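J.: Sending over a structure as structure tokens; questions will come in a sec.
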């Protein structure tokens, strides 16, 4: 059971790392540039979506 939990934690950490490096796997809606802070610094809101998070 400990091995299963350890593998699960590793998978979660890697998925968070990939999300951080490549943006969110889904389009992030926004109204202002402040809504895009989770996508990284300096990311702008264009056409209602954070540009870096919609690759």
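Using N, Cα and C of the backbone, Cβ positions are placed for all residues, glycine too.
Straight out of Swiss-Prot:
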SIGNAL    1-23  signal peptide
DISULFID  30-45  disulfide bond
DISULFID  36-50  disulfide bond
DISULFID  39-53  disulfide bond
J.: Roughly how many angstrom lie between the C-alpha atoms of residue 53 (disulfide bond) and residue 45 (disulfide bond)?
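T.: So the alpha carbons of residue 53 (disulfide bond) and residue 45 (disulfide bond) sit roughly 10 Å from each other.
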J.: Roughly how many angstrom lie between the C-alpha atoms of residue 36 (disulfide bond) and residue 45 (disulfide bond)?
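T.: Checking the Cα atoms of residue 36 (disulfide bond) and residue 45 (disulfide bond) gives a distance of 7 Å.
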J.: What number of additional C-beta atoms lies within 10 angstroms of the C-beta atom of residue 30 (disulfide bond)?
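T.: Looking across every protein chain shown, the total is 22.
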J.: Of all the disulfide-bonded residues given, 45, 53, which residue's CB has the most CB neighbours within 10 A?
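T.: Of the disulfide-bonded residues 45, 53, the most buried by Cβ count within 10 Å is 53.
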J.: Measuring Cα to Cα, tell me the gap between residue 50 (disulfide bond) and residue 39 (disulfide bond) in whole angstrom.
T.: 7
